[in-house]
Amino acid sequence: MRTATYFFIFLNLSLAVFEEPAVYPLPFLVTSVVEVLCLVVFFGRLTHFAKVTLRNVFWKDTKNICIMVAILLSLTDLAIYGVLRMYDVRSIRWSRIVRPIFLINFAESRQIRRAFRSIRNTLPEITYVFLLFMFSLLMFSLMALKLFGERNLQTAEGLPYFKNYLEIVFDLYVLVTTANSPDVMMPAFDFSSWYALFFIAFVIVNTYIFMSLFLAVVYNNYKKHLKVMFGGANS
């Protein structure tokens with residue numbers, strides 16, 4: 001039963017590769033039949049679990065409720081998508097986002113559920129670091145707007161350089177990953193080489209300091225919650 005459950009969970013998740021928009025597209029009838037088969041297996045597994053579990057225990061378990069809701073949402077979305085497709089109306093399969101629920105909430109996925117719970121418990125504790133990072137990003141973006149916005153600089157494509165605040169925020173956010181370095185600073189550098197100091201300071205503060213701090217907080221808190229969880233399970 002465990003092997004069969006994992007197989008159909010994997011099959012259900014892999015449908016995203018073959019559904020439109022897909023890497024390897026298959027006819028809608030094929031993917032819908034496979035999905036319905038997976039949902040029937042999940043419902044059968046849930047029914048089997050209900051037969052061997054006390055009724056009040058079964059209905060108090062949020063994992064079972066989540067699985068039933070995910071099955072209903074998937075079937076509803078599949079039916080709506082099929083009807084709209086018959087009338088040549090373009091739509092998207094919004095129920096794809098609920099498919100990982102099957103991987104997390106089945107009884108066989110205890111280890112995955114523990115890891116997911118540790119991640120969930122870690123998220124509130126990294127909020128403060130994330131807010132500090134966003135504050136730094138917004139302040140550097142505001143300084144970039146004041147430094148470069150009034151100098152009528154242009155990019156290599158002839159577009160205005162650092163004129164729009166939201167575009168500046170996005171460009172500097174990408175710079176945190178160094179994906180657009182050094183292209184993003186070249187118009188300012190060509191105007192004056194001293195402006196390179198602004199981008200150097202930005203990379204030092206946000207890429208090297210904040211990203212390292214962010215990683216350390218995530219790692220330490222995740223390890224702490226995982227240790228507490230496994231310690232409680234062992235005891």
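For all residues, glycine too, the Cβ spot is worked out from N, Cα and C.
The domain 'Ion transport' annotation in TrEMBL covers 5-224.
The list of residues near the signal peptide (1-16) in space but at least 6 beyond its ends in sequence, with Cβ under 8 angstroms from a Cβ of it, reads 22, 31, 34-35, 37-39, 41-42, 45, 48, 96, 99-100, 102-103, 106, 108. If you look up TrEMBL, you'll see 1-16 marked as signal peptide.
Tertiary proximity for the transmembrane segment (26-44) is limited to same-chain residues at least six positions away from its ends with a CB under 8 Å from its CB atoms, namely 4-5, 8-9, 11-12, 15, 18-20, 67, 71, 74-75, 78, 82, 85, 102. Annotated transmembrane segment per TrEMBL: 26-44 (among others), in sequence order.
For the transmembrane segment (65-84), the list of distant contacts is 28, 32, 35-36, 39, 42-43, 46, 59, 90-91, 93-95, 98-99, 101-102, 105-106: same-chain residues at least six beyond its ends, Cβ to Cβ under 8 Å. Residues or ranges marked as transmembrane segment in TrEMBL: 65-84 (among others).
The transmembrane segment annotation in TrEMBL covers 126-145 (among others). Listed by sequence, the residues of this chain that lie at least six past the ends of the transmembrane segment (126-145) yet keep a Cβ under 8 A from its Cβ atoms are 162-163, 165, 168-169, 172-173, 176, 198, 202, 205-206, 210, 213-214, 217-218, 221.
What TrEMBL records for 165-182 (among others) is transmembrane segment.
What TrEMBL lists as transmembrane segment is 194-219 (among others).
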